[in-house]
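J.: This is the structure, below, for whatever I ask next.
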Amino acid sequence: MLDFIQKRMQKSMQKINKKMSINEEDILEVLREVKLALLEADVNLEVVKTFTKQVKEKALDSQIIGKLNQQQTVLKIFKDELVNILGKKTCEVTIKNTPTKIMMVGLQGSGKTTTAAKLAVYFKKRGICKNPLLVADDIYRPAAREQLEQLAKQTQIDYFTEPENDAIKIAKDSVAIAQDNKNDLVIIDTAGRLAIDENLMTELKEIKRFTRPDYVFLVVDAMSGQDVINTARKFHEDLGLDGTIITKLDSDARGGAALSITHLLNVPITFIGVGEKLTGLEVFHPDRMAERILGMGDVLSLIEKAAEEVDEKMMKKIGYKMLSGKFDLNDLMNSLAQIKKLGKMKSILKMIPGMADKVNDEKIEEAERKFEIYTYLINSMTALEKKNPKLLKNASRKQRILAGSGRSAREFNMLVTDFERMAKQMREVANGNLKLKNGLNIED
Ligand SMILES: Nc1nc2c(ncn2[C@@H]2O[C@H](COP(=O)(O)OP(=O)(O)O)[C@@H](O)[C@H]2O)c(=O)[nH]1
Ligand SMILES: [Mg+2]
């Protein structure tokens, strides 16, 4: 999601993180890059200007320059300002009336119908409502009503429409039906157009006047260009929006224009659509989104922990065994397993500033391949052989292991060579630099 902004932002942030101390010039340089990244992600110019101005003011504050933990402070300023742009508040939906009414509006194809069904599923699943009613009120497109009916059936959610082409009557009747039927939430899916037109707006205003919705949500496609801002402005002027829902954030859309609406119109993003399936809906959290974009947060601590374990604990132990001549085949497997572990986390690691270049695909693939082959071979060895690899020189032992593991003599030799090479390297280190041993600070 939002891959594009993410990559660019993280690259810029990385520069700050690499520096021992940050001066004014560094901040200005990163700010220039971030500005470009945001503009290329199609974030509205006015929004970008506000963002850079705020960050600049705060980051250039003499309080920061020359102080400890500058990186964190600067990163926090970027994050706070990003949160400001994405909207500090979210709009929480609660059942405040029976029934509570949500009106879905937006251009054609933005995802209204899908999102209406997603919302019903979401609220019901979390117990926010008990018995939602989906109302098909798009009377213009021939299959629009059937589309919602299908989704409602599929999810066993109540559904209402009328065959006559009177959108205002359908909306009005739906509220009465909901009262009779004890539906505590009514979600009205209205018609869209390719662009705004007055007839549509008049109809929507009438629907709003007769149904008095508790929430009017504008559904916006993340792939929209800058024109979506004017569209949203018109919807907001005519209908008074309570929130937007940005759909298709799972696509490679840059999303910047849709994300700019919040700041420009002061309308919060409530949910985001992240998939075609009905479970592809998430509550929008501005701070989490900002952290994700900047590459901060949970993932970072997870990686830090993993890297720590891989590098420090296990490697120290293996390193110690190597240095003291106790390194055996079990340790070889352990070190391969560590590299393999990194491979599994490759995709996460790549999201982190500074980590992408540390993950070497070829090395990981090689380790994965060897790990598999060596596992077969080592499993066919006796405990004594594993502890004392010299025994592998014995031809009858070799034949027994080959037969048992089903691996080739070439693979067997590769394992022995690998092991000897590592053991030799370690002996050299041990002889040439005994300080390292002390430096490892090992308690065994
Ligand atoms: N990938 C993806 N597709 C979506 C999402 N939301 C809606 N769509 C798709 O967008 C298309 C238009 O959706 P629809 O609900 O019919 O839009 P409407 O014309 O506004 O009612 C459909 O093919 C949906 O499956 C989303 O969050 N992610
Ligand atoms: Mg529709």
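The backbone N, Cα and C atoms fix where each Cβ goes, and this holds for glycine too.
TrEMBL: automatically predicted annotations, no manual curation.
Straight from TrEMBL, here's the annotation block:
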BINDING   106-113, 189-193, 247-250  GTP binding site
DOMAIN    268-281  domain 'SRP54-type proteins GTP-binding'
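Tell me what's around each of these sites.
T.: Neighbour count (other Cβ atoms within 10 Å of the Cβ, all protein chains): 22 for L249 (GTP binding site).
With DSSP classes pooled into helix, strand and coil, the tally for the domain 'SRP54-type proteins GTP-binding' (268-281) is 0 helix, 6 strand, 8 coil.
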J.: When you scan the chain for residues with a C-beta under 8 Å from the domain 'SRP54-type proteins GTP-binding' (268-281), skipping those not six or more beyond its ends, what do you find?
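T.: Sequence-remote neighbours of the domain 'SRP54-type proteins GTP-binding' (268-281) are 1, 86-87, 89-91, 93, 111, 114-115, 117-119, 121-122, 151, 154-155, 217, 242-250, 259, 261-262.
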J.: Please list, in sequence order, the residues in the chain of G106 (GTP binding site) that are at least six apart in sequence and whose C-beta is under 8 Å away from its C-beta.
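T.: Once residues fewer than 6 apart are set aside, G106 (GTP binding site) is near K112, G192, L218, V219, V220, F235.
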J.: Does DSSP give T190 (GTP binding site) helix, strand or coil?
T.: strand
J.: For ligand 2, list the binding-site residues among G106, G109, K112, T190 whose CB atom is within a distance below 6 Å of it, in sequence order.
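T.: By the Cβ criterion, which requires under 6 Å to ligand 2, the hits are K112.
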